[in-house]
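> One structure, as structure tokens, below. Some questions next.
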Amino acid sequence: MDNLSPEEVQLRAHQVTDESLESTRRILGLAIESQDAGIKTITMLDEQGEQLNRIEEGMDQINKDMREAEKTLTELNKCCGLCICPCNRTKNFESGKNYKATWGDGGDNSPSNVVSKQPSRITNGQPQQTTGAASGGYIKRITNDAREDEMEENLTQVGSILGNLKNMALDMGNEIDAQNQQIQKITEKADTNKNRIDIANTRAKKLIDS
């Protein structure tokens, strides 16, 4: 650089500025793509959470229907005049340990407690959180023109998007953990419902054969 004329130094400064500007544009483009991917992922997680809620509600409805079916079987036994020996009485399914462990009091296991996290810091796909730039800005100004203004703006947007990506990652992690717990609960409810249905079928067959 010492051997360059002032004109050549100025030309080189403009070349470096142009290259730096293009770099910040590429970085911003990649950051926006990453943010869009994050928003789509959170949207899909939210839709998946709604599906899990519907499935769990279905499990709860089956449980209620089976309660009514068991009452009907008991009434049919009485109507048919069947004398049931105390030792052969069917134990109330809901008094069992497995049932209580699965349904409990409906507190922490209810679908309403599985909260779907939304990207609270994202609005219409645009970064809403601003992170403080370094004192004096992100770049050291050389040409002090519109190109450096754009570079500063690009890097400011990148910083904001990075903050959003961090928050989205936390939201996704929390949502995935909550959904994994809900899937486990749905599996337990499905198993309990199956056992309850099997027991009811056995009672019905005995009633028919009697």
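Placed from the backbone N, Cα and C atoms, the Cβ positions cover glycine too.
It should be emphasised that the depicted structure is a prediction, and the values quoted were computed from it without experimental measurement.
Per Swiss-Prot, the features are:
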COILED    23-76  coiled coil
COMPBIAS  109-133  compositional bias 'Polar residues'
DOMAIN    14-76  domain 't-SNARE coiled-coil homology 1'
DOMAIN    145-207  domain 't-SNARE coiled-coil homology 2'
LIPID     C79  S-palmitoyl cysteine
LIPID     C80  S-palmitoyl cysteine
LIPID     C83  S-palmitoyl cysteine
LIPID     C85  S-palmitoyl cysteine
LIPID     C87  S-palmitoyl cysteine
MOD_RES   M1  N-acetylmethionine
MOD_RES   S5  phosphoserine
MOD_RES   S20  phosphoserine
MOD_RES   S23  phosphoserine
MOD_RES   S34  phosphoserine
MOD_RES   S110  phosphoserine
MOD_RES   S160  phosphoserine
REGION    104-135  region 'Disordered'
> Distance check, please: Cα of C79 (S-palmitoyl cysteine) against Cα of S23 (phosphoserine), rounded to an integer number of angstrom.
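For C79 (S-palmitoyl cysteine) versus S23 (phosphoserine), the Cα atoms are 84 Å apart.
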> Would you identify which of the modified residues S5, S23 has the most other C-beta atoms lying within 10 angstroms of its C-beta?
S23
> What is the interatomic distance between the Cα atoms of S5 (phosphoserine) and S20 (phosphoserine), given in whole Å?
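Here the two Cα atoms are 22 Å apart.
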> Tell me the Cβ neighbour count for S20 (phosphoserine), meaning other Cβ atoms within 10 Å of its Cβ, over all protein chains shown.
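A count of 16.
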> From the Cα of S34 (phosphoserine) across to the Cα of S160 (phosphoserine), what is the distance in angstrom?
13
> What is the one among the modified residues S34, S160 whose Cβ has the most other Cβ atoms less than or equal to 10 Å away?
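Within the set of modified residues, the most crowded position is S160.
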> Hey, what's the Cβ neighbour count for C79 (S-palmitoyl cysteine) at 10 Å?
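Excluding its own Cβ, the number within 10 Å is 8.
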> Does DSSP give S34 (phosphoserine) helix, strand or coil?
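SS state of S34 (phosphoserine) = helix.
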> What does DSSP assign S160 (phosphoserine), in three states?
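Its secondary structure by DSSP: helix.
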> By the DSSP assignment reduced to helix, strand and coil, which category contains S5 (phosphoserine)?
coil
> Can you tell me how far the Cα of S34 (phosphoserine) sits from the Cα of S20 (phosphoserine), in Å?
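Just about 21 Å between their Cα atoms.
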